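Visitor: First the structure, then my questions, so here it is.
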Amino acid sequence: MSNYALTQTIVTGSDPRALPEFSAIREEINKANHPSQPELNWKLVESLALSIFKANGVDLHTATYYTLARTRNQGLAGFCEGSELLAAMITHEWDKFWPQGGPARTEMLDWFNTRTGNILRQQVSFSENDLPLLYRTERALQLICDKLQQVELKRQPRVENLLYFVQNTRKRFEPQPGNRTDTAAQTTVRTLVYAPESTASTTAEAVPPLPDLPEMRVEVRGVANNADNVRQGSTVKGFVAGAACTAVIAAVLWWWQAYPIQRQLTQVRDTAQGAATAWLASPVLKEYEQYLQQLLDAPPLQPLETGMQMMRTADTLWPESLQQQEASRMWSNTLRNRAQASPQMKGWQQARQNLRDFADLMMKKETEKQGFTLSYIKTVTWQAERLLNQETPLEYLLTQYQETRARKQDTQALEKEINERLDGLLSRWLLLKNTGQDMATDTRTEPVHPDSLRLRRITMANPVYLTLNGELQGLISSGCSSMPSIGNKAQIAHQDQIMVMSLSHGLSRAQNVNHQELTITKPVDKSSPLLGKAISENECLTCDFVFYRTNRFGINEPYYKLKLTNARISNIGLTVPHTINDSPGQPEESVSFTYESINWEHIVAGTSAYSLWSERIF
């Protein structure tokens, strides 16, 4: 078959979701998630993908489905072809191909890594004859990983796992020096030539590959003039041959033992810490300044990031090993525990906001020629002091250490606390960089794999959270969904909001609109005493309710808001279930609000409205 017959030129495409072929591909792929596990028609997926390429051009989703189908049908040859197609598209057309969103691209590439990796590990066998394809595949995956490192993404896709797998497979089958054998005929791989979007023609002349050239060997022949020369030449040749054999053996031994060690030392010296350690073992004045500067420029997260890379590599090499899983679990739990112990300085932030609000209120009262009661000033001062005493900044701990050391007192306890705070701060920073806020404060105990880090999902189907601000007490909902407030029901991502378990409100109309009280059910939490104070002093409140739902990615998103302005509490009821007959029941509070105005807003749909309580019928 000619090279031209195996070559097809494609261009960048747009959104394919309106095409019937794309819908058919999605329907076929979704069979993998069906409970009955019907058999997928991979030939159909491949054919439909090629039809989309011809009619619409190439996009990330279709190219990924095509690569998966080719891998399933043709093994390594199909995976090589699909990887080169993805590499051409990602490296040359990153700003153009569909989808445009970074999170959507990351999600699709992670899906590609998981599904294709499973096929390669479980259903594809390799041999020495696959080395040419492994080289091509490794090159394509390396181009993809390099490009992903250059672009700005909130989270990097884990395509490097496929690269590590291909590299390790290639190393297993590479022949040792001196044992090189003739390579069998290469598997014919169809080539998809990726053309930029500006290419005027969709056909291209196929350039035949250069023929393989045989290894050149030079043999030196000599002619003996007489018997003496032959005898003398034989002695010299024997000596030269012995020296050459000795040199060859020495070179092989060096390559076998010394060269790997030299490569490892080179890799160690590429890191700032490794280079400094090597310098300490053999100090050289000329390199002293260079290595000091490297230590100053090294990121503080470098040791922890090296650990994350080790965990990913170990999972690629020994995915079924219990020892690997236990070590990875220990690493993940240690990072998470350190991050959870790191203070988030919420008290400092709230105290700062309260003092700013108090300063604004003082300016307002001064303009209106009004004053404050001594009791109110004492309350503001006490709240600010309480919030500031909740958490001690790390910088102040260092100041305390300096002062304690100057007084020649024992600093052992301070040193331990400072080291723990630094470890927690770096661990939390690492988790925030690699995942999100919820991951840095997640309380789960099972191991967290680096390729499966996701935002923690709230266990309720459609939760509602209330942010409650009081004119006198400030943020009443501060810390209400934290672990000290509601125990194991804590939602760290919403810790400054009140968990609303039920909400009821209604409007009716006869002649004018008739507003009814808004009533919520909530757990007994940190805000319960503050709500009692608010109803006792008839405190004016602002209530912001946010409704959440699960989106198509399985993540909770805010979609609806309800706001009460100048609200006041009209009723508080406490219910404690029977501790024997209803032992799973939890103490709950019902709180009813009246208000001056109410606002409704659908965040996703973009609609909003409001109504006034003053129009209510009495």
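Start at 1 and count along the chain as shown; that gives each residue its number.
Positions of Cβ are set from backbone N, Cα and C atoms, glycine also.
Features from TrEMBL:
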type     : residues : note
DOMAIN   : 12-113   : domain 'ImpA N-terminal'
TRANSMEM : 238-256  : transmembrane segment
DOMAIN   : 288-432  : domain 'ImpA C-terminal'
Visitor: For the domain 'ImpA C-terminal' (288-432), what does DSSP give as the number of helix, strand and coil residues?
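Guide: Split into helix, strand and coil, the domain 'ImpA C-terminal' (288-432) gives 119 helix, 0 strand, 26 coil.
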Visitor: Please list the DSSP helix, strand and coil residue counts for the domain 'ImpA N-terminal' (12-113).
Guide: 72 helix, 2 strand, 28 coil
Visitor: Across the domain 'ImpA C-terminal' (288-432), what does the pLDDT come to on average, as a whole number?
Guide: 78
